[in-house]
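The next block holds one structure in the form of structure tokens; read it before the comments.
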Amino acid sequence: MDALQLLLNRHSNPRLNEPAPAGEQLETIFKAGLRAPDHAGLTPWEFIVFEGEQRQLLGDILANATAAKGNDAEAIEGARKAPLRAPMVITVVAKVTEHDKVPRLEQELSAGCALLSMQMAAQALGFNGIWRTGWFAFDRGVHSELGLKEQDQIVGFLYLGTPQKDLRKVTEHEIAPFVRYFGQ
Ligand SMILES: Cc1cc2nc3c(=O)[nH]c(=O)nc-3n(C[C@H](O)[C@H](O)[C@H](O)COP(=O)(O)O)c2cc1C
């Protein structure tokens, strides 16, 4: 797929079937993520993959966090089933380290770029998905069950699979409201 066409037509799709990317295609997706811009070469990334039955492990983690907040049984079961909405969920983590020239925000942005690059690589390969967060991404209980360190931050859950059908036309924004030519 032409690079500009890919950029101009990037879109999400929450309706995802099997198969998830695998083998060389999944490697290509990871390689795209690992080309994210990276100030000072800190490589502040981790991609935690849940596929097949392992998605239930993530479901249990989300359900435990929901229960810990005192939510009702319906909410807990909803959280447990959330990762089953796609055949693969990649939790993208910013592995933040102290650095005098690279603040936390830059490392989190780098991980976000990695997530976006992976979504776009997936789209180029005929897959698609959706970037989700929700409060789970910021919950210390979720972080701890995933084995994250205190300084780490989940930047998103990338749900990936094969689109059931291509859902809709992409939104095209007017350019002018978003651009300001300073001094003119
Ligand atoms: C940081 C971030 C977090 C997001 N979290 C969610 C989410 O939890 N649930 C959701 O439905 N969409 C979420 N979105 C939005 C979708 O990923 C998607 O961009 C949106 O549905 C618009 O669709 P489009 O990408 O096709 O334009 C999030 C986007 C970003 C950048």
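Even glycines carry a Cβ here, placed using N, Cα and C.
In the three-state DSSP scheme, H11 (FMN binding site) is classed as coil. According to TrEMBL, the feature FMN binding site maps to R10, H11, S12, R35, H39, W131, R132, T133.
Positions annotated as domain 'Nitroreductase' by TrEMBL: 15-161.
Not one of the binding-site residues R10, R35, H39 has a CB under 6 Å from ligand 1.
When Cβ atoms from all protein chains are considered, those within 10 Å of R10 (FMN binding site) total 14, not counting its own. DSSP assigns W131 (FMN binding site) to a strand segment in the three-state reduction. As a whole number, the greatest separation of Cα atoms within the FMN-binding residue list R10, H11, S12, R35, H39, W131, R132, T133 is 28 Å.
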